[in-house]
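Here is the structure we will look at.
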Amino acid sequence: MRRKCRIWWPKELALSEPLSSNFLFGWFVSSSVSLDIVVAFGCCEGSLLHNQSGLEGTLHDANGNMPKFLQDKSKLSILGQHGVDLNSNGLLLSSGTKEDQRNSSICGNACVQKNRDTFRENHGHWTCGCRKYDGLLGQCTQASIGSSNWILLLNDFPEQCGGEIYRIPKLHHFHWNGQIVFQCDVHVILYDTPSYGGHHFSLHLWNSSEQVKADFKKPKWVDELHQKQPLVDLDTVILAINSAASAKIFFERHVAPRRPIVQFFIVCRFLTFIWQLFAMSMASLSTLFYFILQLLHILLSFGSQSWIYIKSARIFRSTWISIRIRCCQILYWPIFLQDNGLRSLSCVEYAEKAALRRHSMWSSLALDVLLGNLIGWALLYNAESACWWVMNFTGEITYKSMRSSCAWLMGAPAGFKLNTELAGVLGMVSLNAIQIWSTLSVFLGFLSIYIIKGLAISGILFGMTIPAALIIDFFLLATLHISTLHWLVSLVYSTQTQALADLWRLFSSTKIREAALIRIERSRMLWIQNSLGAGGRKWNPLRQRLDSYDYTVKQHVVGSLLFTPLLLLLPTTSIFYTFFSIVNTTISLICILIEVAISVIHATPYIKIFLWLARQRRFPSGIWFEIVSCRSNLIDDTAICSPDKFDSSSDNLHCTQNGGKSGILVSFLHSNFLSIGELVVPHYRNVFSGVFSSFFAKFTHGVLTGKRVASTLGTALPSPLPWMSIPYKEYWYLCYDSILACCRS
């Protein structure tokens, strides 16, 4: 089986023509049938020879900053050499190369020799064509050639694509676990080096790691399949590609000659000074809010066990939850904004996700406050108009509509013939409750202007979600009379329907018909009725089932007398219950819509949407390859298989195997990108998953049975964090350092 080698080559190396040989740095990722060589960067031979004293320590420190998963799979090392002139005489190759290639093509796969025969010195070169060096670099090179992996590449042919000319590297040979391989199938993959804020590669969906795992147990063969070594370890390869930029920066910082930075020094110092002033102002403002919140927390902690505190927390439940979430966001935003360490920054993918997590809280807080200011200032300037509109809406629509509807129900609604006495009682109770609440609202109407101004100020200071939660609580408080009437009518309706269901079980057995037949026999009727009772069914609350039960004739007579009037009064009760259920459902739906708006404000990933609009390449979702060309990899062969003549089903794919020649396939690595829906929908799914189905099921069951219906949807809001209490000076420095850390990153 022919060996396969994939060379992941940066485009910046392909676009530049090296004047001398370069040392390649990156990772070897080997599998059972192939070898992946991820080239991170190249270093000029001259600069590396002058700075080889700390090379081994630099590589060790660079590996220490890499992700732990990449460290377990592979190490950053010297991969080999790449250049045009590999010999001291200026020739392309020297002794032993042609013969080794010929022997390699004869054996069909690789030329395997003993190390002592393979790595003979020949005028400063090994016989395989690799150059010999002195000093620490020579030790690293010899160790790589003799015991591990090493690659020798030639900068051979240019390839034009998209208006640019790429110089594709050509494989001369590589050392693989002590063996020299000249002939193999090579796949050169050109990729753009990922950069923070630019782009990166990912094999999975952006939110795949955040999805909930399935509850069912996986079969045994699935675990065995995961334990097998994959043919291509793309996870490690993509992780190495995403870490290439960090490795290059770290290497150049310690090995490459440092260039003095003089340009734009004054501008940089001025921008740094401006950012420090901004950090100081934000830290001072946050510390002021922190002082106010701590003071309020201390005052509320004294009365936390009082009756007023408990009742107010129950009445203003939505407001308390929103205030607690907002206080935690104000307290904890500098902690979330801090860096998580250098290791998370070494991989561009990890750094991007860490940055999004760091900036998610303050961006949500900033957008919430911005919306609160936009609506709050508008409401504050038009407070009197808003108050007048609310009072008119309450007086003209709510109370007049409710009064006229109750009077309509007391007559013959929609042609139904109702019980006059029961309809009059229910109608008068409803009218009295509406009149009492209307009178109370008139006396307290002067407070409406202050309530509206309070909503506006709370939106300006704390964001849009606080006044929205206050609106829910005030709306439920203003419609308390309707909720009370609905509860009263639903209590009558549920009690009546339950009584009818229990009485119906008296007649649900066949023993009643047997007793009726027996009563025809007049001669034995009296004896049978006195000695035997009719049978029915009774609900067993312990076993939650219906059991048969023998009732007496007196119980049947009383049950029949109760069943008839309850059944005849059911239409009247049902009409009133239907009306108040519709009104109460409308109130609940309004509160649910506001609650959904609050949940959407909290769940929307504003920073992701902004970055997606600015640069969609920061959100990859899978990779794909664009094949450019296919040709022979033999040094003397110049035959080219152009893309327009290349057919995957033809013999061109197999010519390298049948003829003994190795082929080279050139392609570009590209990424798929998330759409705006794929980016946002998972966040909403986490908030509303299973909520609507369970709510509507409970809502329908409650309406049909006359039970109480919840006025909130119960969406998943951000969980409040524990209360934080640290010294004010420490909190100021925490905010200041967090903002400065954003500038440094």
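Cβ atoms here come from the backbone N, Cα and C positions, even for glycine.
So that you can see what the record holds, here are the features copied from TrEMBL:
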TRANSMEM  261-282  transmembrane segment
TRANSMEM  288-310  transmembrane segment
TRANSMEM  365-383  transmembrane segment
TRANSMEM  434-452  transmembrane segment
TRANSMEM  459-478  transmembrane segment
TRANSMEM  557-580  transmembrane segment
TRANSMEM  586-611  transmembrane segment
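Segment contact holds for the transmembrane segment (365-383) and the transmembrane segment (586-611), given three or more CB pairs below 8 angstroms at sequence separation of 6 or more. Remote same-chain partners of the transmembrane segment (434-452), defined as residues 6 or more beyond its termini with a Cβ less than 8 Å from a stretch Cβ, comprise 379, 383-384, 386-387, 390-391, 394-395, 399, 402-403, 406, 474, 478, 480-481. Long-range contacts of the transmembrane segment (557-580) within the same chain, counting only residues at least 6 positions beyond its ends with a Cβ under 8 Å from a Cβ of the stretch, are 405, 409, 413, 416, 418-419, 422-423, 426, 430, 482, 485-486, 489-490, 492-493, 496-497, 499-500, 503-504, 506, 551, 706.
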